[in-house]
Amino acid sequence: MGLSGFLGPNVYSEVPDGGWGWVVAVAFFLVEVFTYGTIKSFGIFLQNLIDEFGETNSRVSWIVSISVFVMAFNAPFASMMTNRFGFQLVVMTGGLLITSGTIATIFTSSINQIYITYGLVAGMGYCLTFLPTVTILSQYFNHRRSLATAVASTGESLSMFALAPAFAALRDHIGWRNTMAVLGALQSIIIICGALLRPIIIKPNETLKPEADTLTIKDLSKHNDCTEGTTSGVSVTNKAFSDQNTFCSLTNELTTGSVSTADSGVQSLNDTDSGKQQQTSSPHKEAKVEIEREQLEESKGEIKTSEKEEKTSRDAEKQAMKEELNNAADKTLSENNSKLLDFSILKECSFIFYSLFGLFATLGFFAPQLYIIQLSESRGVEKDHATYMLSTIAVAEILGRFSIGWILTRRQFRKKKLLVLLACVITLTVVLVGFTLVTEFYGLAVCCALYGFFLGTVVCTHIPLLAEDDVVGIERMTSAAGVYVFIQSFAGLAGPPLGGMLVDMTHNYGSAFYSCAAGMALSALFLGLVKPAKRGFSCMKRRRSESNAAHKEESEEQTEEN
């Protein structure tokens, strides 16, 4: 297999639900490790940056905020570039930007420079890698989409659980700048992952009628096959069928006439007396047989000609149907590529409600990780034990991702994915309220475990569920995901500062969890409206088409009357 074949598209008659999709899943796992996993692990460098540059905690924390905001805000741009240049080139370019931005950070001399190198350059690289990868992964799977996405997305949690401590230990030995260089070199793996994202093309099988069997001239020349030829279920033209009957009758006549009476072993006087008469009339009979033979030859020629014409017509129909299927598929692909970003999805109430769900749910994705240690210490938990809370969240999140992936592949839940997600969001809201009520170590640990589990179920499914027909469908997922993540970016930028402002005003870390719970409750409300809105939109569209059809019929009737 050549390089062009290796990097070229995969053509399937239907969604493979596996195959090369598992290679794409591995690529997405590594992209998760070195995008979201790296961003969430960047906190191991915060104290080093504060000490070296003499900056405040607030100023240094803006590095991550800028990177996350650039990553989410430019999601429509990533969708446009993907539609224009394809998944492979965009993700490989993103991997190059991430590596360049991270390595360039080691040469900076101020926080403002890191805002540019890691916040803007690496942030844009994160944008160009994560969204296209999760989009193409959804295209390779149908029934197993939730399971594949859930398993592959564990890279983020495993990065927090394993790589963050490893990089922290490496930082203590070689310093934060050299550790950033090692991290940037490892992030170049994303470039290889981008090369593995072979685009997928779905072309339906050609549904052509099987070729009909035809009778040959050799078969028709046999007397015993004449009856079978006229009663068999073969497909021939009307003319050939009539010629076939004529040919059979002539054959019967010739066969009957060619049998000598002497072969029967009986000779009558009449035969003896009429011998002379037969000899006299033999020239006329020979002439008659000759004419009949000429007619037989003409019938054979006509049958052969009709068979050739039928075969030529059948081949032309097959070729026309094949060209029509290919042209339709190519036209669909060109139409999809011509639209760099499909804003028509903003006309659908189901997508608007789903975007509002993502907007408010994002408010609850950041505060627990930022404030759980301070909340635990304020409730009397020792500092060493308080650090276990983050590990508990990370491990439970991995279990949640695996669990939701397995659940959504079950037959009984395939048509109820939005309801399952809604149940997880409601439970997550209750858990966030529980953080404000517990006052001791074990209560906080249980809340962290529940929060991590249900957080994992939500974060690994809310983007892939855009591919479901209840939201927008797989055909428009690329554009929809870009707009959806763009809307989410505002909550990602405002969520942490909002929680910090409430903590400063109330001097209570629990107030940050109240704001998260309120946002998650609103997200559950909008998520519950998605499916009814989708059904209402479909009914409205159907009624509009029926009304237009009725109006057209009335106008045609009036025209005919006039």
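Cβ atoms here come from the backbone N, Cα and C positions, even for glycine.
Annotated features in TrEMBL:
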COMPBIAS  283-320  compositional bias 'Basic and acidic residues'
COMPBIAS  545-554  compositional bias 'Basic and acidic residues'
DOMAIN    21-535  domain 'Major facilitator superfamily (MFS) profile'
REGION    261-320  region 'Disordered'
REGION    543-562  region 'Disordered'
TRANSMEM  20-39  transmembrane segment
TRANSMEM  60-79  transmembrane segment
TRANSMEM  85-108  transmembrane segment
TRANSMEM  115-141  transmembrane segment
TRANSMEM  182-201  transmembrane segment
TRANSMEM  351-373  transmembrane segment
TRANSMEM  418-435  transmembrane segment
TRANSMEM  441-467  transmembrane segment
TRANSMEM  479-499  transmembrane segment
TRANSMEM  511-530  transmembrane segment
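Below 8 A, the CB atoms of the transmembrane segment (479-499) and the transmembrane segment (60-79) form 3+ pairs separated by six or more positions in the chain. The largest share of C-beta pairs under 8 angstroms with the transmembrane segment (182-201) comes from 85-108, of the ranges 60-79, 85-108, 511-530. In terms of C-beta pairs under 8 Å, the stretch of 20-39, 418-435, 441-467, 511-530 lying closest in packing to the transmembrane segment (85-108) is 20-39.
Only sequence-distant pairs (6 or more apart) were considered; of these, fewer than three Cβ pairs between the transmembrane segment (418-435) and the transmembrane segment (20-39) are under 8 A, so the stretches are not in contact.
Beyond its flanks by at least six residues, the transmembrane segment (351-373) meets 40, 345, 383, 386-387, 389-390, 393, 425, 428-429, 432, 435, 444, 448, 451, 455, 458-459, 462, 466, 471-472, 480, 483-484, 487-488, 490-492, 494-496, 498-499, 503, 509, 512-513, 515-520, 522-524, 526-527, 529-530, 533 of its own chain at Cβ-Cβ distances under 8 Å.
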